[in-house]
Amino acid sequence: IEIMYGDTWGTVCDDDWDLKDVKVVCRQLRCGEAVSAELEFGGGSGVIWLNKVKCRGTEAHLWDCQHEPLGKNDCVHKEDAGVKCTDKDLLMVSSLLCHFSVFYTGYTGYRLVNGTDSCSGRVELQFGGKWGTVCDQYWTLNDANVLCHQLKCGYAIEAPGQARFGEGSGEIWADIFGCEGSETHLSKCPISVWGREGCTHANDAGVICSYLKLVNGRGPCEGRVEVLRNGQWGTVCDHNFNWDMKDAAVVCRQLGCGEALSAPRYAHFGGGTGRVLMSSVNCKGQESALKDCQSDTYYSCGNNHYFDVSQLIFEFDF
């Protein structure tokens, strides 16, 4: 078994290595059930990353198990740990299929291309000085959410595939990001490195981020309206009583939440904190995003949150 930390592959020492540890690896790599913890494939070379791994057998990932600090050991490569799972067709040393990384920091650039703004578009990552796209086969909304947060674009509302934003060119990165959605950066997500068979630029993954969210409601489609600007969340003020169902319709459309039920004023879901970032919003009702609506370029409410606007939405059940 080999793991990657940073951009360096290394082995695992077999001190305390047993079938419970193997069970976690087999589950994580979708390689069936644990068969053996014996080293049958020869020792590795280079760094030995993990030592004294002690899994309970129920963990989702190997790095969730107790272990010594990375790189701390007195092992040699004849003590490298081995894994054998029931699916023999998948467990091939020469294949990338059953390799995985703890945390992967090899990507040096992140961008969204060909979208309507810098917070939507085709996902492109830079590795080794080359930009490439991401295969959509295992790209999830959780992964997209982390990238949106990383790019200071709020959170993801969609992770479209099939080259929604056009086909890219060059490399195709087919790594599987195992993000939970709360990480601050894609480099903080564990990555499985899978084969690139079947991935073409027709499978390029995309992201659509939202500058908008609803807070303090009973769910993501109800609550106080907040917008993102320069990496900071703030509220929308309506001291001129302009906030109405047309504005509400745009918010609902942008969030993919269905039809608006009402557009309450006077901090119906509680006043926010921090800055008021929009005021006197006046939408026509057909805009695709709240930022496309007419609004004051100065914030005449100051930071008085008494006039914070809210949203009640009928959420479609698909």
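Even glycines carry a Cβ here, placed using N, Cα and C.
Taken from TrEMBL as is:
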- C55-C65: disulfide bond (DISULFID)
- C135-C199: disulfide bond (DISULFID)
- C148-C209: disulfide bond (DISULFID)
- C179-C189: disulfide bond (DISULFID)
- C237-C301: disulfide bond (DISULFID)
- C283-C293: disulfide bond (DISULFID)
- 1-86: domain 'SRCR' (DOMAIN)
- 110-210: domain 'SRCR' (DOMAIN)
- 212-312: domain 'SRCR' (DOMAIN)
Residue with minimal Cβ packing [other Cβ atoms within 10 Å] among the disulfide-bonded residues C55, C209, C237:
C55
Considering only the disulfide-bonded residues C189, C237, C293, which residue has the minimal Cα-Cα separation from C55 (disulfide bond)?
C189
Tell me the Cα distance separating C189 (disulfide bond) from C135 (disulfide bond), rounded to the nearest angstrom.
17
Find the shortest Cα-Cα separation between C189 (disulfide bond) and the disulfide-bonded residues C148, C199, C237, C293, and name the residue that gives it.
C148
For the domain 'SRCR' (110-210), the mean pLDDT of the predicted model:
84
How many Å lie between the Cα of C179 (disulfide bond) and the Cα of C65 (disulfide bond)?
18
What does the structure give for the C-alpha distance between C237 (disulfide bond) and C283 (disulfide bond)? Integer Å is fine.
14
Round to a whole number and give the Cα-to-Cα distance in Å for the pair C209 (disulfide bond) and C293 (disulfide bond).
18
If you measure from the Cα of C293 (disulfide bond), which of the disulfide-bonded residues C65, C148, C199 is the nearest?
C148
Measure the Cβ-based neighbour count of C148 (disulfide bond), defined as the other Cβ atoms within 10 Å of its Cβ.
24
Using C-alpha atoms only, work out the spacing between C148 (disulfide bond) and C199 (disulfide bond) and round it to an integer in Å.
23
Which of the listed disulfide-bonded residues (C199, C283, C293) has the least company, meaning the fewest other Cβ atoms within 10 Å of its Cβ?
C293
Would you pick out, from the disulfide-bonded residues C65, C135, the residue whose Cβ has the largest number of other Cβ atoms within 10 Å?
C135
Integer Cα-Cα distance in angstrom, C65 (disulfide bond) to C199 (disulfide bond):
33
Between the Cα atoms of C283 (disulfide bond) and C199 (disulfide bond), find the distance and write it as a whole number of Å.
42
